[in-house]
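Annotation comment: Swiss-Prot describes 342-359 as compositional bias 'Low complexity'. Residues annotated as disulfide bond in Swiss-Prot, with sequence analysis given as evidence: Cys125-Cys188, Cys227-Cys283. The N-linked glycosylation site feature in Swiss-Prot is assigned to Asn110. If you look up Swiss-Prot, you'll see Tyr344 marked as phosphotyrosine, on the strength of similarity to another entry. Residues or ranges marked as region 'Alpha-1' in Swiss-Prot: 25-114. Sequence annotations record features per position, and here Swiss-Prot assigns region 'Connecting peptide' to 299-308. Residues or ranges marked as topological domain 'Extracellular' by Swiss-Prot on the basis of sequence analysis: 25-308. Annotated transmembrane segment per Swiss-Prot: 309-332, in sequence order.
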Amino acid sequence: MAVVAPRTLLLLLSGALALTQTWAGSHSMRYFSTSVSRPGRGEPRFIAVGYVDDTQFVRFDSDAASQRMEPRAPWMEQEEPEYWDRQTQISKTNAQIELESLRIALRYYNQSEDGSHTIQRMYGCDVGSDGRFLRGYQQDAYDGKDYIASNEDLRSWTAADMAAEITKRKWEAAHFAEQLRAYLEGTCVEWLRRYLENGKETLQRTDAPKTHTTHQAVSDHEATLKCWALSFYPAEITLTWQRDGEDQTQDTELVETRPAGDGTFQKWAAVVVPSGQEQRYTCHVQHEGLPKPLTLRWEPSSQPTIPIVGIIAGLVLFGAVIAGAVVAAVRWRRKSSDRKGGSYSQAASSDSAQGSDVSLTACKV
């Protein structure tokens with residue numbers, strides 16, 4: 001996405017992945033959307049993506065040639081044309097609503113129309129291993145900063161500043177929380193269960209991580225030990241370094257989990273150690289795909305070759321996934337969207353409560 005800098009894109013994905021960490025055995029469906037104004041270059045670019053757990057399944061980009069909601073997972077191909085028509089219309093409606101929300105936000109913050117501004121939203125639901133509703137959420141951001149978010153009870157809102165307080169009062173007067181709660185506890189859960197069944201071969205699988213350690217001297221007195229976990233699914237994983245059995249959390253450099261581009265994930269954890277003391281350090285790996293946690297120790301005689309090509313390819317795809325997929329996720333940075341005088345309406349307004357629509361229609365700030 002041309003209007004978003006690469007560093008921002010990395011933050012977007014890291015935020016998206018952070019959101020996928022739910023309870024063991026639970027599943028989530030989440031939608032991320034971003035609208036970015038570009039003065040002098042036409043209407044804002046609007047991108048929306050949907051995720052079930054760590055897998056992207058739908059995507060809409062207002063700049064795409066098709067101008068349609070498109071499948072991003074094989075198991076979505078079975079949906080009928082009417083489904084795609086409806087979701088496309090919802091996305092186009094949201095793009096127009098967020099265009100107006102951007103204009104309203106300029107007034108709230110007393111900003112000029114010369115600069116580029118961003119509205120973002122994340123909403124979704126989690127279910128337990130039994131398929132029952134666990135929790136729902138909606139969080140919005142303006143220009144990368146928290147704006148407004150639903151509270152845990154889904155009956156009230158938390159505003160981040162005075163501008164968001166205006167939106168909060170409007171939403172309270174229009175009973176938006178009740179509509180959101182009905183969607184999250186009903187429609188969202190119904191569709192998540194459906195997707196988990198249709199895509200169970202992908203969504204309910206576990207791929208154990210491929211692990212190894214590497215060693216790199218950084219001076220005559222110190223070296224970096226790095227613990228690698230590659231090709232794992234789902235994304236949630238724990239990597240920790242210990243020295244003589246004691247956690248080295250404070251001294252560990254831990255990167256965010258990253259998509260490898262093939263449906264699996266990558267992660268590493270590094271620690272700087274005194275030269276000659278490497279054998280005192282062990283890396284501990286915990287993942288759902290492992291029968292029991294792994295313990296790794298660097299062996300001087302078997303220094304593995306770091307799969308540079310695979311890592312670089314993953315990082316390139318990582319940026320691409322973000323730009324296209326999650327130009328929406330800036331770490332729960334929420335879009336301001338309350339309707340100035342209108343209604344919040346769910347994706348299918350009256351009929352979405354009956355499970356006919358998957359996503360929500362936005363609301364103005």
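Placed from the backbone N, Cα and C atoms, the Cβ positions cover glycine too.
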For Cys227 (disulfide bond), the same-chain residues 6+ apart in sequence with C-beta under 8 angstroms from its C-beta are Thr211, Thr213, Leu239, Trp241, Trp268, Ala269, Ala270, Cys283, Val285, Leu296
Specify the count of other C-beta atoms within 10 Å of the C-beta of Cys125 (disulfide bond).
23
Rounded Cα-Cα span from Cys125 (disulfide bond) to the residue listed as 'N-linked glycosylation site', Å
35
Test of understanding: give the count of other CB atoms lying within 10 angstroms of the CB of Cys188 (disulfide bond).
29
Which residue, of the recorded positions Asn110, Cys283, has its CB surrounded by the fewest other CB atoms within 10 A?
Asn110
Just give the helix, strand and coil counts over the region 'Alpha-1' (25-114), going by DSSP.
31 helix, 27 strand, 32 coil
Please classify the secondary structure at Cys188 (disulfide bond) using three-state DSSP.
helix
Roughly where does the region 'Alpha-1' (25-114) sit in mean pLDDT, to the nearest integer?
95
